[in-house]
Amino acid sequence: MRYPESLLGSLRGTQSEAKGTEAIWPKGSSRVQGGISQKIASALPRNDTACRIAALPSVARNDSNRRRRYWLIPTGIWVAAAILTMDFRAADGHQILELEETYIQGVFSPNFTPPPAGTYDLPIIMRVPPVILIDTAGRRVNTASLMHGKVAVVSFIYTACSDRLGCPLAGMALRELQALLRREGLQDQAVLVSISLDPGQDTPKQLAKYGRVFGAEPSLWHLLTAPSEQALRTVLESYGQDRVKVYDESGRFTGRYRHVLKVFLLDQAGNVRNIYSAGSLVPQIMVNDIKTVLATSTADRPN
């Protein structure tokens, strides 16, 4: 797989578009080696080295001890970041298999031991209403029916996104989360929902291809698009998700959007219980949060 100069050039930037997340390129560190890492490293000057990303703590707090999600410092992420800038509208399944060489659990592991599920609280942040959207088969679906009785992980993406800390990063994290849910036997108690930020271009067919690239299981991971711009704006407002069109110097729309990466954890009643960003999108922590919400719901259930 060849990497265009524009892709490699994007590695030399110093600031991510993701709000609250800063990408730093220190001098003098040794380069990452091996496989795809060598391919990209050989194309970069020797002074361009490993990226260390520091992100703010996530929204969740433990009321009893004010537990904080400490700064997550994924090292060696610059390799994954480079690959994640490719346009997934044109990506094939084998390219995702290549991505797995660099996107491994260790890359996004926290530098602290996450507390066990059920030992902390995830207070209600807000409530979001169900909406009617369109699935990859072109059917109108009510999100309430998809999420009924399940904990939901809701993300906002678009298939042309090339921000290395945006939609591609979310896709890889959700791919890992999907595998963890199966491994933990939670596939019938949780569901992943990804809603397109670009209903004009992300047709059901396009989203179906995007889902295949990331290995989305239709029964577990639903990719949806809005029937209109107005319908999408209503959804975005209810979640507090931003989206800004990007225009070129002549004032023409580029087909790209700026947006803060947010992934929402919803309980069975449609309440938002946590909001993840680029730095806190750690699959194992998300699984622990899902288990915590499930345990809380069980405890609140009348005998």
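The backbone N, Cα and C atoms fix where each Cβ goes, and this holds for glycine too.
Caution: TrEMBL annotation is automatic and unverified by curators.
Within the set C51, C161, the cysteine that TrEMBL bonds to C167 via a disulfide is C161. Cβ neighbour count for H259 (Cu cation binding site) (all protein chains, 10 Å cutoff from its Cβ): 22. Across the domain 'Thioredoxin' (122-295), the prediction's mean pLDDT works out to 95.
The Cβ neighbour count for C161 (Cu cation binding site), using a 10 Å radius and every protein chain shown, is 25.
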